[in-house]
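The FAD binding site annotation in TrEMBL covers 210-225, 470-480. If you look up TrEMBL, you'll see C338-C341 marked as disulfide bond. The annotation domain 'Thioredoxin-like fold' is assigned in TrEMBL to 124-194. As annotated by TrEMBL, domain 'FAD/NAD(P)-binding' applies to 209-493.
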Amino acid sequence: MALDQELKAQLKQYFALLEGPVVFGLSTDDSEDSQKVADFVHEVAQMSDQLSVVEKELPLKPSFAVDTPDEETGIVFAGLPLGHEFSSLVLAILQVSGRAPKISDELKAQIQGIQQELHFVTYVSLTCQNCPDVVQNLNIMARLNPNIHHTMVEGGMFRSEVEARNILAVPTIYLNDEEFASGRISIEKILENLGEEVAKADLSEKGTFDVLVVGGGPAGAAAAVYAARKGIEVGLVADEFGGQVLDTLGIENFIGTEYIEGPQLMANMRRHVESYKVDIIEHQRVANVEREDSALTLTMEDGQSLTAKTAVLATGARWRAINVPGEQEFKNKGISYCTHCDGPLYKDKVVAIIGGGNSGIEAALDMAGLAKEVIVLEFLDTLKADQVLQDRLNELDNVRVVLNADTQAILGDGQVEQLVYKDRESGEEHTLDIGGLFILVGLVPNNEWLPETIERNGRGEIIVDERGATSLEGVYAAGDCTDQVFKQIIISSGSGATAALGAYDYLLRQG
């Protein structure tokens, strides 16, 4: 296959950073797919004198290993690592050449200390924005420890294997032929799942922050930047920087940027935050916040604590469950939440989408080009999506909408096979034969941990005033965890700025 000029230009820039020779161990057969992969590997290798190709026997064909002349790294790509996985290939090549991965010394030491033999396989789709993080994390582990091996499998080229293992969501990770994890996962979480004790940063010497932001999404990032620009001590604590936006593919309504993907937007925001003096504390979850005299104490789930004069809570939200029989049983076994990630796994199947808002209709539009039929189920008697989306939906022949549909149960044997819903007008129950289900019915704020001193509404959202202040003195809140009416990235960013300025004004008034 011929690389386009844009990819060639990118590779030329990246390969200028190579620190040593890299050998592609190519394993193919007589198939058309093998020819595609072979052409790709040889074309990439021609981009630098540091790259070469040799024949190699690997379990999956077509595939190729990324090795050094003297060492097998355990890093293998099965299929074509294009789309979102192109970055995974580039990073693997650079790291195998000798460039150090960007992880802490403590984490590096933990990975290198693993004694057991670990064979990871990650199933991906090239449209999945979450998959590269997982692939890159496991590649780093394989590069650092010869006991660890990792193969990325592109599901489109290995459909028979995907179907044999009943994989209906990506990324799905297997370890030593047993399912290990599904969805985006950090190196720290991988180590925890392996039973490793992950060392967390000691927070005891952090001192007192002027503003401590809780959450690493758009609201938290904006709050951190606006607070830091005031020249005060700012910290940001989060389980993972990026928030729910990492699960968003195409963003076309962030003013000033016509199109950007969620992971790229949050990478940009992180760089912006890091350009200021902000202490970013990751892999920590806050379990409580309370006021003691003139300071706030924020206690982590691991028992450590941080102190601050003010705090901005920006903990975001997660997809709402519909709480019907079968929902938990079939999660990642036919029930998905991201059409960009999992859509290709449902090619030529009948899929249902629960939810008639913007997210649901956007999902229906995405799936219409892949699925045999798309059935949209809406609880109300009308769709709630923007009219422009409804107009596009009405142009499609393989999409139908069912209004007044109250989902009763999700049925199947090992995977989703049927959905039962009740017509709210007639009371009649109907059963749909489906091969997949996407549930997109709104958000639930991540506020379960909050004390009663922080007032919330009936939906569990933090009640804030025009400055972002909550009912607890010195505590502000922003983004999807609050009662702001519209849940949009740009609105969350604005509310983060408002809350930070509100907190700064509070500090000024306290003297």
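Cβ from N, Cα, C; glycine included.
Overlay of TrEMBL feature records on the structure.
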residue : record           : CB count, 10 Å
D210    : FAD binding site : 18
V214    : FAD binding site : 27
P218    : FAD binding site : 31
A222    : FAD binding site : 28
C338    : disulfide bond   : 22
C341    : disulfide bond   : 24
T470    : FAD binding site : 24
G474    : FAD binding site : 20
A478    : FAD binding site : 34
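Residue counts for the domain 'Thioredoxin-like fold' (124-194) under DSSP, split into helix (H, G, I), strand (E, B) and coil, are 27 helix, 17 strand, 27 coil. Taking the Cα atom of each, D210 (FAD binding site) and C338 (disulfide bond) are about 38 angstrom apart. Put simply, C338 (disulfide bond) is 37 Å from G474 (FAD binding site) when counted between their Cα atoms. Confidence for the domain 'Thioredoxin-like fold' (124-194), expressed as mean pLDDT, is 95. Checked against C341 (disulfide bond), the binding-site residues V214, P218, A222, T470, A478 differ in C-alpha distance, with P218 being the nearest. A distance of 26 Å separates the Cα atom of V214 (FAD binding site) from that of C338 (disulfide bond).
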